[in-house]
Amino acid sequence: MLGRVCHSLLPVSSPPLFLPSIPSCRFLGQSNVSGLRNSLFSRASRSWNCRMAGSNASFSVRASAQQLKNADELIDSVETFIFDCDGVIWKGDSLIDGVPETLDMLRAKGKRLVFVTNNSTKSRKQYGKKFETLGLSVNEEEIFASSFAAAAYLQSIDFPKDKKVYVIGEDGILKELELAGFQYLGGPADGDKKIELKPGFLMEHDENVGAVVVGFDRYFNYYKIQYGTLCIRENPGCLFIATNRDAVTHLTDAQEWAGGGSMVGAIRGSTQREPLVVGKPSTFMMDYLAKKFGILKSQICMVGDRLDTDILFGQNGGCKTLLVLSGVTSLSMLQSPDNAIQPDFYTSKIADFLSLKTTTV
């Protein structure tokens, strides 16, 4: 049975100057104390990578990211490509140049393609329709959204079907919970609810709520903060699950917008509880799809535009990593002395797979 995870916020800002102590917690998937120690240490130092084996530690220098110059070599070295969506495949509702041709080429070479997104506003089926609208042929089984991950996690721990899930999020989470057979309340339906603060007012909440799932929510309000807080603080054993902690997201291709991490942060602040994170960079989705498809993680390349989610997700899972500069992360951010997370390779966009052909070394 898959366990739980304790996951701290992974900022893109300056890393701390010390190695934090590791809290006592259980982990999602196959993560363990050594994996968390690696993640924490990569934040504390840009130069060192700590790999733990039992009680013995060895240290090696983590090299800076290399610019991708030989795409064929990378393609031939792996069996599966995991792509983030927003900032890699599309930006807002606009397809990034060269994506269809790149995906067709990889499929022609026999590569398995998987699409993993932290955006929880849509279900897998809804994301399938978005791919179709953009002219891309992607099977629903190839899509792993954090909305699906929340439901899959509850299934993995045998969450009681007689318990309810309070949702701070949008329709995607509700649809995935429904498909998994879980009872839920909240979501967009609570978007218009307000609290009239009168003297002596006591807000009631459902004592049968056993989990609060928090994702990106454009209908976020004070009612949801208080309701979720009451469930987490007053219902014995109530879980606090976050689909992701992304600081920003792309609602349009014109600018960055506040991400799901802002909603999660509000609930964390009011409850003083750390969430169980099921989206990137937690390894839950990586473990899930590796088991589902029988994929060796060493034969996977994670392709994303975010350092603290996509690239760390790949590194935590033991995969090769490729950063594309078509989304959130710029070259200056990657090369900043304050950045502790270095992918194996970086390039401007995934269409570079088509132009960066084998060269004589």
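Every residue gets a Cβ built from N, Cα and C, even glycine.
Automatic prediction, not curation, is the source of TrEMBL annotations.
Its own atom aside, the Cβ of ASP305 (Mg(2+) binding site) has 26 Cβ atoms within 10 angstroms in the protein chains shown. Per TrEMBL, the feature Mg(2+) binding site maps to ASP84, ASP86, ASP305.
Per TrEMBL, the feature active site, nucleophile maps to ASP84.
All protein chains considered, the CB of ASP86 (Mg(2+) binding site) has 21 other CB atoms within 10 Å. The active site, proton donor annotation in TrEMBL covers ASP86.
The substrate binding site annotation in TrEMBL covers LYS280.
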| remark: Should one count Cβ atoms within 10 Å of each candidate's Cβ, the binding-site residues ASP84, LYS280 would be headed by LYS280
| If one measures from the C-alpha of ASP84 (Mg(2+) binding site) to the C-alpha of LYS280 (substrate binding site), what distance in angstrom results, rounded to a whole number? | 10
